[in-house]
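TrEMBL annotations:
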| type | residues | note |
| --- | --- | --- |
| DOMAIN | 242-270 | domain '4Fe-4S ferredoxin-type' |
| TRANSMEM | 18-36 | transmembrane segment |
| TRANSMEM | 63-81 | transmembrane segment |
| TRANSMEM | 135-157 | transmembrane segment |
| TRANSMEM | 172-191 | transmembrane segment |
| TRANSMEM | 320-338 | transmembrane segment |
Amino acid sequence: MTKSNEFLSKTPYRLKRYVGYVIATVVALSLPFIRIDGNHMFLLSFDKKQLHLLGTAFDMQELYLMPFLLMLLFLGIFAATSLGGRAWCGWACPQTIFRVIYRDLIETKLLGLRRIKNKQKEPDLSKAENKTKKVIGILIWTCLALIAAADFLWYFVPPEDFFAYLQDPLEHLFLIGFVLAIAAFLVYDVIFLKEDFCIYICPYSRVQSVLYDNDTFQAIYSTNRGGDIYNDNKEKIIFKAKDLPLDTNECTTCEACVTVCPTHIDIRKGLQLECINCLECVDACTTVMGKLGKPSLVQWSSTNAIKNDIPTKMLRKSTIMYSVALLLVVALLFVMGGEKEYMLLNINKTTQLYKVKEDNVVANNYVLLFQNTESKPLTYNLEITDNPDIKITRFEPFTLSPGKLAKKVVILETDKVLVNDKSKDTPITVTLKAYAQEDPEKVVVFRKAVFIYPRADKLK
């Protein structure tokens with residue numbers, strides 16, 4: 001195999017990205033439909049006031065997990081950026097995927113308005129044929145934008161409810177309006193705003209310089225081999241190959257890396273916040289230099305590897321710190337998630353402390369609030385576990401539908417002399433066990449209640 005074939009035989013990053021886009025799209029579209037024991041893999045339902053995570057449903061009162069999820073998200077982004085630069089932007093971000101679908105698939109492959117190798121040149125809309133194709137492209141993307149908008153909402157309104165609501169649109173105009181608003185934004189964003197969203201609106205590009213170090217992987221141009229095209233003030237000083245100061249400088253000044261860039265930058269200028277690590281410039285330079293039997297001048301590598309000839313360190317202070325922090329957050333997330341209760345129970349005492357009935361029977365009244373956080377109807381019962389002298393005299397097992405709440409008045413009584421104190425009333429702690437008769441081992445909670453026993457002179 002010749003050197004030219006050796007370099008050109010490598011699979012382009014563009015095709016690898018397309019595979020990543022397909023996987024990300026399939027996951028995003030299918031995840032809302034995956035259910036475990038009736039619960040979704042991920043769902044933040046404001047309607048039902050629930051968070052579903054990995055098939056487990058958490059009520060709004062259990063949203064103490066949200067801070068850990070947010071920490072996991074941001075730490076994950078920081079760690080990924082420290083290691084691979086803006087790999088998220090170029091390889092998995094919905095904005096990038098949408099632009100590739102519209103620009104590279106619809107406008108280029110289907111309609112022939114563009115060329116893959118030249119993303120700088122806009123279609124010539126002075127021609128009637130191109131105007132028609134542009135309108136067709138907008139209509140195709142509008143249909144896809146509606147699907148994307150619906151998919152976004154499926155993470156907040158489960159698909160089974162979403163499609164049921166669509167059957168009665170007049171009763172759910174807010175939902176319909178929300179879908180249309182998101183779709184309209186996606187049409188404006190992808191067709192008109194384009195990569196300006198990444199450059200001027202997305203905050204991620206603004207923090208990359210803080211997270212990068214000399215071992216961070218990024219699209220980087222080798223000035224050692226290609227020569228300096230820009231000076232220290234980022235001003236272009238080389239326009240033709242003959243102007244390069246050294247005969248050993250290899251850059252051909254073909255600018256293939258420039259014309260192919262979706263954010264319209266010149267990677268030879270160095271690190272720029274507009275770069276999304278899509279590696280289109282790497283593929284372009286690989287094609288040009290490969291024909292000359294040389295490796296690409298633009299590579300996905302680190303500053304140390306390309307400019308300082310030092311091996312990239314994957315394990316370094318920043319990555320170790322991020323890894324430790326991620327492990328701690330994941331551990332806390334599992335610990336907190338493992339403490340989930342499969343029903344909710346709140347106990348409140350009534351304003352009357354106690355009531356002394358005939359034969360010195362002492363009664364305490366409570367209001368119990370039950371909530372079924374499971375996905376099936378359950379029948380709840382109640383017991384006292386630690387004081388046989390106190391009995392439950394007003395409570396009957398009842399059935400509660402999924403997600404529903406129910407208030408029950410419960411009376412605890414005793415005919416025993418629990419305390420003989422003539423000076424004050426005595427609070428006695430009682431443990432109540434509430435459970436579902438269908439699954440008493442899993443759906444069970446224990447709560448403390450305070451039983452007030454009167455002082456001796458209150459008894460008859």
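Cβ coordinates are placed from backbone N, Cα and C, and glycine is handled just like the others.
The domain '4Fe-4S ferredoxin-type' (242-270): residue composition by secondary structure is 9 helix, 0 strand, 20 coil, according to DSSP. This prediction places the mean pLDDT of the domain '4Fe-4S ferredoxin-type' (242-270) at 90. With a threshold of 8 Å between CB atoms, the same-chain residues lying at least 6 positions outside the transmembrane segment (18-36) that come near it are 42-43, 54-55, 91-92, 94, 97, 100, 151, 154-155, 158-159. Note on the transmembrane segment (135-157): residues 28-29, 31-32, 42-47, 94, 98, 101-102, 106-107, 110-111, 113, 165, 175, 178-180, 182-184, 186-187, 190-191 of its chain, located 6 or more positions outside it, place their CB under 8 angstroms from a CB of the stretch.
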